[in-house]
Amino acid sequence: MEARVILIATTNKHKIEEINEVLQSCGYRVEPAAASKLEVQSNRLEDVAAYAAIQAYLALQRPVIVEDAGLFVEALGGFPGPYSSYVFKTIGIRGLLKLLEDVENRRAYFKSVIALAHSGGVEVFTGTVHGVIAEKPRGDRGFGYDPVFIPEGSSKTFAEMETQEKNKFSHRGKAARELCRWLRQYGPPR
């Protein structure tokens, strides 16, 4: 049986690969949509993803998902949180590590939100993984903060893991599994 396609409003090949690796288990796959991702500024990832998904649905007139994620560092009061992408583009991993110089508490968590917009409304799925920020970058896989995030239960950073291994731990993998459960229960969105 051929996998059913759901559009995703991203061109990030790493996100697409990670989400597809999970969705294949429920007979779906995502393909990038030719829609610009409009973001609203909010302290809540759920609001950002839901707004962007609704805008993409209105533009495409087809079911579409948007994934947004953030890294929340305990010692920095949850920073960069929903602004993780902007912070990564401006100060990068080096800047984050500089902020954590001489900081003992390196606990952090990644949160992923997948919003599915369809004719019946918007569904929001979340996944969270707790871990710590490494002292220095390790690994060459993945993207973003993957080289410095070590999930609980592992000694490797996300950037040292293959996609399949990363999805066992990852916030995005957990959110995608929630989406899969919804798709199994309710069938293909319209």
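Using the three backbone atoms N, Cα and C, a Cβ is placed for every residue, glycine included.
Residues or ranges marked as substrate binding site by Swiss-Prot: THR10, THR11, ASN12, LYS13, HIS14, LYS15, ALA69, PHE143, GLY144, TYR145, ASP146, LYS166, HIS171, ARG172. Counting every protein chain shown, the number of other Cβ atoms lying within 10 Å of the Cβ of ASN12 (substrate binding site) is 14.
Positions annotated as Mg(2+) binding site by Swiss-Prot: GLU39, ASP68. When secondary structure is read from DSSP and collapsed to three states, ASP68 (Mg(2+) binding site) falls in the strand class.
Feature annotation from Swiss-Prot assigns active site, proton acceptor to ASP68. Its Cβ placed at the centre, ASP68 (Mg(2+) binding site) has 28 other Cβ atoms within 10 Å.
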>> Give me the count of other Cβ atoms within 10 A of the Cβ belonging to GLY144 (substrate binding site).
In response: 21
>> Between ASN12 (substrate binding site) and ASP68 (Mg(2+) binding site), how many Å separate their Cα atoms?
In response: 11
> If you measure every Cα to Cα distance among THR10, THR11, ASN12, LYS13, HIS14, LYS15, ALA69, PHE143, GLY144, TYR145, ASP146, LYS166, HIS171, ARG172, the residues said to bind substrate, what is the biggest one in Å?
Replying inline: 20
